[in-house]
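As annotated by TrEMBL, active site, proton acceptor applies to 261. TrEMBL lists 40, 41, 42, 43, 44, 141, 261 with the feature substrate binding site. Marked as ATP binding site by TrEMBL: 188, 226, 227, 228, 229, 230, 231, 260, 261. The K(+) binding site annotation in TrEMBL covers 255, 257, 293, 296, 298, 302. Annotation comment: TrEMBL describes 16-304 as domain 'Carbohydrate kinase PfkB'.
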C-alpha cells in the first residue's frame, strides 16, 4: 500500500488561466481559457499512483466548504481511501496557475487548511502507517513540524517503508533533519538551487550533477533532481556517481503543470509494484509517464490510467520502451 501524506489542495482547488504570455507589472491582458481543476502536490501524486493501480490513502486537511467537499468526492471517485482527511473550520487550500502558450506555468498557492495538519491528525492513521505501508510521499505544503514528526516515527517503527520527500515548495531554511530522515529526496532544478543556497545555477547536466553532490553532503541518502525535458539525474550516499535518466523529446508541450507530481506518483507505484527493478529503471519509467502528461492540459486529468499505457511499462524486467 502506498500512503500519500500532505498536499495543499485536493487538497487544493486550482484556478487555471491559459494565456499567450504573462502580463507586465500593472498590465491587464486577455486570457484564452479558464478552468477550475483539482490539484495540490500530494493530491496530484496520490491520483497519479492510484490511476496506475496503486492502493492509496491520503492524510491531510480540507476546509468545511464546497471545495473541500468536492475534493473528497473526487478522491472517492478514483478509489482513494479518504478516511484520514480531516475537515477544518478554515478555507480549503487554493492555487492560482497561469499557463502560457509554450506550456510553462507559474503558480501561487494559498495553503489554507493544509497549514493546519497537526500531529494528532496523523496519529489517527498510526496503525496503518506502521503495519501496512510500503511507501509514504511527503510534500512541503503542510507544516514541516508534522512532516518531521511522522518521518521520525516511521524511521523507528517501520524500517521497510520507503519515505519519499518532495521538497516543494522550497524553503531557504528547511528542517535539515528532514533531508536526513528521507530515503529519497526529490526536487526540480529551481528547488535544488534553493536548498544549496544558489551556489550553483543548474543550466546543464554537469551543473545538475554538481548540485546533486552538494545535496548529498547535507545528509541525503538518495537525491533525485528532475530536469523537465532533460529527464532526471540521481545519486546516493553509497553510489555518488551521478546517473542521468533521459526522456523522449516532446516538440510542443501543451501544459507542464503537474508533470513533476505525475513523476513522483508513478515512482511510488513502481517502487511498490516492481521492486526487482533498479532505481534507474523505476525513475526511467516514471519519467516516461510524466512526459506523456505534458501533451495534455490540466494536472490530474492529464494523468494516464494503466490501461492507456504500453503493457511493457509494467514488466517486472528491464525492457527498452
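Note: Cβ is positioned from N, Cα and C throughout, glycine not excepted.
Where TrEMBL records a feature, it is marked here on the structure.
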| residue | record | Cβ contacts under 8 Å, 6 or more apart |
| --- | --- | --- |
| 227 | ATP binding site | 188, 189, 202, 205, 208, 233 |
| 229 | ATP binding site | 247, 249, 250, 253 |
| 257 | K(+) binding site | 16, 97, 99, 105, 107, 298, 299 |
| 261 | active site, proton acceptor | 41, 44, 45, 48, 299 |
| 293 | K(+) binding site | 258, 259, 262, 302, 303, 304 |
| 296 | K(+) binding site | 254, 255, 302 |
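The number of other Cβ atoms within 10 Å of the Cβ belonging to residue 41 (substrate binding site), over all protein chains shown, comes to 33. Taking the Cα atom of each, residue 42 (substrate binding site) and residue 231 (ATP binding site) are about 21 angstrom apart. Of all the Cβ atoms in the protein chains shown, 21 others lie within 10 Å of the Cβ of residue 188 (ATP binding site).
Separating the Cα atoms of residue 43 (substrate binding site) and residue 231 (ATP binding site) is a whole-number distance of 23 Å. Highest local Cβ density among the binding-site residues 141, 255 belongs to 141, counted as other Cβ atoms within 10 Å over all protein chains shown. Across all of the domain 'Carbohydrate kinase PfkB' (16-304), the predicted model scores a mean pLDDT of 91. The Cβ of residue 43 (substrate binding site) has 35 other Cβ atoms within 10 Å, all protein chains considered. Other than the site residues 255, 257, 293, 296, 298, 302, same-chain residues with C-beta atoms no more than 8 angstroms from the centre of those residues' C-beta atoms, the K(+) site, are 254, 256, 258, 259, 294, 295, 297, 299, 301, 303.
Residues within less than 8 Å, Cβ to Cβ, of residue 231 (ATP binding site) and separated from it by at least 6 positions along the same chain comprise 244, 245, 246, 247, 287. Fewest other C-beta atoms within 10 Å: among the binding-site residues 40, 42, that description fits 42.
A count of other CB atoms within 10 A of each Cβ picks out 44 as the most crowded of the binding-site residues 44, 302. Cβ-based neighbour count (10 Å, all protein chains) for residue 298 (K(+) binding site) stands at 20.
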